[in-house]
């Protein structure tokens, strides 16, 4: 059993790094698979984080993740920027296979794989990705200087994308299916006050135009069905996220929206020794601070599980011969 670790954490972000910090401080020597592309989670694509406690003037998303990562590493967490391609979580010893085919074994697993950007599901959406269609304003905004840009969505992310893009763009049109926004009042006020931002209410993108690059959109009125053309060279999609749970289907229980189920208020899944935290579980709050909180809870749940497991193993050991 010498090659069996105490705990493996699949995923990063606030939940994964907090779980890594707590399990590392408990001397559990966690192995963390951060993800080859998604290391750090969604906050790596966020500009100012103004609502994470402890930072009076805010902090850049990547800086916050770098700080969390370094803190976990300081206490002994082993962090690997690699993907997990398969898992077997059903036995007492869990197996996790990385992209190189190496199999890692652990007594407990914490899942913090987060969520991914949701697509509109339209023809040309994927073909024009990187050619005018994007899901990340902080990544691609600079390339749209003095251009007409469209942002789709009505939540905080859409407002943040729009206000960030207004620094570069000639104009930003926010396309939203309804006649009011879901975003927080602070984010709404910021968008409404920006002279470069306008709104296309009760509208959805019906068609994406362009061969080699985006040239425009067809918008459809969600109430009347009428369509109109809108010239744009940039389309930023911010319509929500889907949980990254494909890896766990058939083993861990999922809800109707594909999120992992846990025995709330704990982070226990349906499989003994497997815990889940962050946006892979939460489709209600979806905040960095709540993800970090559940990452802490998952680490404590895993620590207590391992302690109970060690106690039971000691009890099961035969008494020495007299």
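The backbone N, Cα and C atoms fix where each Cβ goes, and this holds for glycine too.
The annotation FAD binding site is assigned in Swiss-Prot to 12-15, 34-42, 51, 84, 279, 286-289 on the grounds of similarity to another entry. What Swiss-Prot lists as NADP(+) binding site is 176, 182, 259, 286. The annotation disulfide bond is assigned in Swiss-Prot to 136-139.
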Number of other Cβ atoms within 10 Å of the Cβ of residue 39 (FAD binding site) across all protein chains: 21
Local backbone state of residue 288 (FAD binding site), from DSSP in three classes: helix
Neighbourhood of residue 36 (FAD binding site) by C-beta distance under 8 A, where only residues 6 or more apart in the same chain count: 81, 82, 83, 99
For residue 279 (FAD binding site): DSSP state (helix, strand, coil): helix
Other CB atoms within 10 A, centred on residue 279 (FAD binding site): 28
Site extent for NADP(+), whole Å (max Cα pair distance, 176, 182, 259, 286): 25
Among 176, 182, 286, the most crowded of the binding-site residues [Cβ within 10 Å]: 176
DSSP three-state assignment for residue 39 (FAD binding site): coil
